[in-house]
Each structure stands twice: as C-alpha cells, then as structure tokens.
Amino acid sequence: MKHYEVEILDAKTKDKLCFLDKVEPNATIGEIKSMFHKSPNEAVLFDMFKGKSLKDEDVLQHLPVGTTATFYFRDLGAQISWVTVFLTEYAGPLLIYLMFYFRVPFIYAPKYDFTTSKHWVVHLACMCHSFHYVKRLLETLFVHRFSHGTMPLRNIFKNCTYYWGFAAWMAYYINHPLYTPPTYGEQQIRLALTVFLFCQIGNFSIHIALRNLRPPGSKTRKIPYPTKNPFTWIFLLVSCPNYTYELGSWLGFTLMTQCLPVAFFTLVGFIQMTVWAKGKHRSYLKEFRDYPTLRSPILPFIL
C-alpha cells in the first residue's frame, strides 16, 4: 500500500507549517487536521485546494493529488456553535417583546407601568410573536441538524443586534399606550392570523422534511422533494420553501399589527432570505445534475 506525503502551507504567507510523512491513503481531511493540530476544532480549515475548501470527510486517495499533496491552512479565528448562536438570538426577541408587552418601568410613562392594552389585537400579536420564537427555540434544540458545527464568534453580536434591535423597535410601537388597531378591524386581523398560522405550520413542515433528508451525524446532502404532507408540495416550485413560509408569516404579522417597524423588518428579512435562497439554489443546481429546473429560489416563477 502506497503512502502519501502531505505538506501544509499558510494560505497567506505560503510558509510551510507542517510536513507529514507516510499518511495512509484512506486518511480523511479531518484526520489530517488532527495530525497537524493536536486539538483540532472548527477554527482550523484546509482551504484553497485548487480554489476550493475541503470537507472533513474527504478522503486523501480520492483527491486528485500525487504522492505528495499540498494543502493550505487558514485560521478561522474564534468560533461558537450554531446552536448557541440560534438559542441566543431567538431567546432575546422573546424576552424583549414581553418586557414591552407587560410595560415594565422606564419604557413608557410611569402611569402606564404594568398596565395592559385595551386592544385585543395587541394581546394576539404578543401570542403570535411569542409562539414564533418559542417554535424557533424548540426547532433549534430538537429539529435542526447543522452541516457545520460552528460559526465565527463575531456572528453572535451581529445576529443579536439584528434580532434584538428589531424586536425592541416593533414591540415599542405595538404595545405603546397610543397604539391604534388596524384600519379594517376584526376582518383584517382574522385574515392576518390565518396567514400567519398557515405559514408557521408550513415552515415547521419544511424543517421536518429537511431534517429527514439528513441522518443523525451525517452531512449528506440530497434533493428535497414533496412528501405526503401538503405543506411540502411547494417544493415543486421553490428550492427554499422554509424562507417562503417565513416571509408569509411576517407578512401576516405585518397585516395583523399594521405597524411600520414590522413591515420594515419583513422587508429586510425578505432581502436577506432571498440572498440565502439564491445561494442555496445555485448550490443545488451545481451539485445535482438532475435538479428540477422548474424551481425558483424563494418565490414561484418570480424570484
């Protein structure tokens, strides 16, 4: 059995960092990381192999290299787990919104401390907002399977600023003592609630379908297809229906509250989700030759 020689260079300086002799041909990139770094973690990445990052599960003998393989090393810096980031960024809006809902002191005028709104839509909005983020927290703990274990530490500050800031801005106006209900009253609110709940169920259904595509502990990627659940049939038309349903939920919440900060949050979220959906759509097309060409990234036939 032939063995490989592996040299590891710094991606920036091209300085030689390590030379490994007699590496087994069935060694994975993850195992080579362990040989190079005694305490391997997600802060270490072998990068720029012919301009492409290498996955931990890639096997040395299956890569187009000679008996001497050259890899480049890039330090990703301090990392934090996706689960920690998600739990933090979702728990914040839940608690912040409730602070405004219960009108804790120093938010509104002292005479309104711990008072409640006279408008039933305010209470309904609080239940919907709370339900949304409790759902996200539970999905993070029990549904999602992450292909990457960690992300850069700086992301938690960026993500929390976004979610927490918007939650405070929305909650301030929706729970304000001078808040006025939607223009078309009960009919508008009931329609909005229907849209919101429909899309929340749809979003959850897509997350379950995506979870079932990936066995526990696996990073396997497959083409998602509709299941017997009618909420997943939208896979026929879009690549990322979880974002489609998420957009629908916030459109429903915007209609329910008729609040400008909510509309702005929905718009910003739509722009960001479109970027993510387009990226994933391109990835599907590149990875799977038989990927359905009828699908759009996020909005059927449009976007």
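Each Cβ is built from the backbone N, Cα and C atoms, and glycine gets one as well.
Those TrEMBL annotations? Automatic predictions, nothing curated.
Now, the feature entries from TrEMBL:
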DOMAIN    5-75  domain 'TECR-like N-terminal'
DOMAIN    150-303  domain '3-oxo-5-alpha-steroid 4-dehydrogenase C-terminal'
TRANSMEM  80-102  transmembrane segment
TRANSMEM  161-179  transmembrane segment
TRANSMEM  191-210  transmembrane segment
TRANSMEM  231-253  transmembrane segment
TRANSMEM  259-277  transmembrane segment
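A contact between the transmembrane segment (259-277) and the transmembrane segment (161-179) is present, since 3 or more of their C-beta pairs, 6 or more residues apart, lie under 8 Å.
Across the residues of the domain 'TECR-like N-terminal' (5-75), the predicted structure has a mean pLDDT of 66.
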